[in-house]
Structure formats: C-alpha cells, structure tokens
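Asker: Quick paste of what Swiss-Prot says about this protein:
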ACT_SITE  HIS88  active site, proton donor
BINDING   PHE22, ALA56, PHE57, GLU58, ALA80, VAL81, ILE82, PHE113  5-amino-6-(D-ribitylamino)uracil binding site
BINDING   ALA85, THR86, ARG127  (2S)-2-hydroxy-3-oxobutyl phosphate binding site
Amino acid sequence: MNIIEGKLIGQSLKFGITIGRFNEFIGGKLLDGAVDALIRHGVDEKDIEIAWVPGAFEIPLIAKKMAKSKKYDGIICLGAVIRGATTHYDYVASEVSKGIAKITLDEEVPVIFGVLTTENIEQAIERAGTKAGNKGYEAACTAIEMANIINII
C-alpha cells in the first residue's frame, strides 16, 4: 500500500493570493495569517503574489487567471461575506464557493477556499485571528499541503 500525504514544506513553492477588499478589516487579518503561514513554512516572500479585488464575488475570476497562468503551485482565496438584512449574502457566498471549486477541478491547481461566510461580524472576527484561530493561516497551510501532494502524484 502506498500512502500519499502532503507535507507542510513551502520551499521552492509559489503562491498567488486573491483577496476581496470589501470587509477589508477582516480580510486584512486573513491575509496577515496566510502570509505568516507561508513564510513560517519556508515560502520565500518573493514567491507570494497578492491581488486585491473589489469584493468576494470577483475572487473567482482572478483566481482563474492565476491558475491558468501556471505560475503558481497554489492559489489562496481570502475574503469575508457577512450576512446582512437582504438575500445578497446567499448569492455571493454560493457563487464564490462554486466558482472556486470549479477552477480547482478545471485547472488542476489547488485553489483554496479561505473566504469566511459568517452570520455576523462577531463570527468573522473570531475566525480572523481571535477565538477560532485565523482561517487565512489555515488556508495557506492547506495550499502548501495540496501543492506538495500534486507534486507527488
């Protein structure tokens, strides 16, 4: 039996990050966590490229362009969609998650979903570096592991 597992070793890997500017006070914390994780696991700062987009809905397009470029071992998608008083949240959260999943399958590049979808601002704050850890950090670790698995297979 051969077991394939990715390692959290980022040396010689290159990552693209696309992040929504809307709810930037949350997204910025996710970005800090992601960059921290990449550097702590050996990714050179010059091998991290960050693209800011207006909001979460725009993330999949830039993630797709990054994936198609074949310059990156993985793409990390960050942002925050917080439920408000209208149904806008439902549409944005659904389309962003579907878009990111489709890119991963179509382009065969790890495209990691690090977009918070929360019921309220408190939940978003908790997941951006307080009680529930930093989901940006976790997304970056997932990207490193997946990039290493892809390189093994």
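Heads up, residue numbers simply count up from 1 along the chain you see.
Each Cβ is built from the backbone N, Cα and C atoms, and glycine gets one as well.
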Asker: List the residues of the same chain that sit at least 6 positions away from PHE113 (5-amino-6-(D-ribitylamino)uracil binding site) in sequence and have their Cβ under 8 Å from its Cβ, in sequence order, or write 'none'.
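Answerer: Counting only residues 6 or more apart in sequence, the Cβ neighbours of PHE113 (5-amino-6-(D-ribitylamino)uracil binding site) under 8 Å are CYS77, SER97, ILE100, ALA101, ALA139.
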Asker: Just name the winner among VAL81, ALA85 (the binding-site residues) by count of other CB atoms within 10 A of its CB.
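Answerer: Result of the Cβ crowding comparison: VAL81.
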Asker: Tell me, by DSSP, whether GLU58 (5-amino-6-(D-ribitylamino)uracil binding site) is helix, strand or coil?
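Answerer: The residue in question, GLU58 (5-amino-6-(D-ribitylamino)uracil binding site), is helix (DSSP, three-state).
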Asker: Name the residue among the binding-site residues ALA56, ALA80, ILE82 whose Cβ has the smallest number of other Cβ atoms within 10 Å.
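Answerer: Counting other Cβ atoms within 10 Å of each of the binding-site residues ALA56, ALA80, ILE82 gives the minimum at ILE82.
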Asker: For ARG127 ((2S)-2-hydroxy-3-oxobutyl phosphate binding site), just count the other CB atoms lying within 10 A of its CB, please.
Answerer: 24
Asker: In whole Å, how far is PHE22 (5-amino-6-(D-ribitylamino)uracil binding site) from ALA85 ((2S)-2-hydroxy-3-oxobutyl phosphate binding site) when you measure between their Cα atoms?
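Answerer: Pair distance, Cα basis, whole Å: 17 Å.
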Asker: How many Å lie between the Cα of VAL81 (5-amino-6-(D-ribitylamino)uracil binding site) and the Cα of ARG127 ((2S)-2-hydroxy-3-oxobutyl phosphate binding site)?
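Answerer: Cα of VAL81 (5-amino-6-(D-ribitylamino)uracil binding site) to Cα of ARG127 ((2S)-2-hydroxy-3-oxobutyl phosphate binding site) measures 12 Å after rounding.
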Asker: Does DSSP put HIS88 (active site, proton donor) in a helix, in a strand, or in coil?
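Answerer: In three-state terms, HIS88 (active site, proton donor) counts as helix.
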Asker: Would you identify the secondary structure of PHE113 (5-amino-6-(D-ribitylamino)uracil binding site) according to DSSP, in three states?
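Answerer: Where PHE113 (5-amino-6-(D-ribitylamino)uracil binding site) sits, the three-state DSSP reduction gives strand.
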Asker: By the DSSP assignment reduced to helix, strand and coil, which category contains ARG127 ((2S)-2-hydroxy-3-oxobutyl phosphate binding site)?
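Answerer: For ARG127 ((2S)-2-hydroxy-3-oxobutyl phosphate binding site) - judged by DSSP and reduced to three states - the answer is helix.
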Asker: Rank the recorded positions PHE22, THR86, HIS88 by the number of other Cβ atoms within 10 Å of each Cβ, and give the residue at the low end.
Answerer: THR86
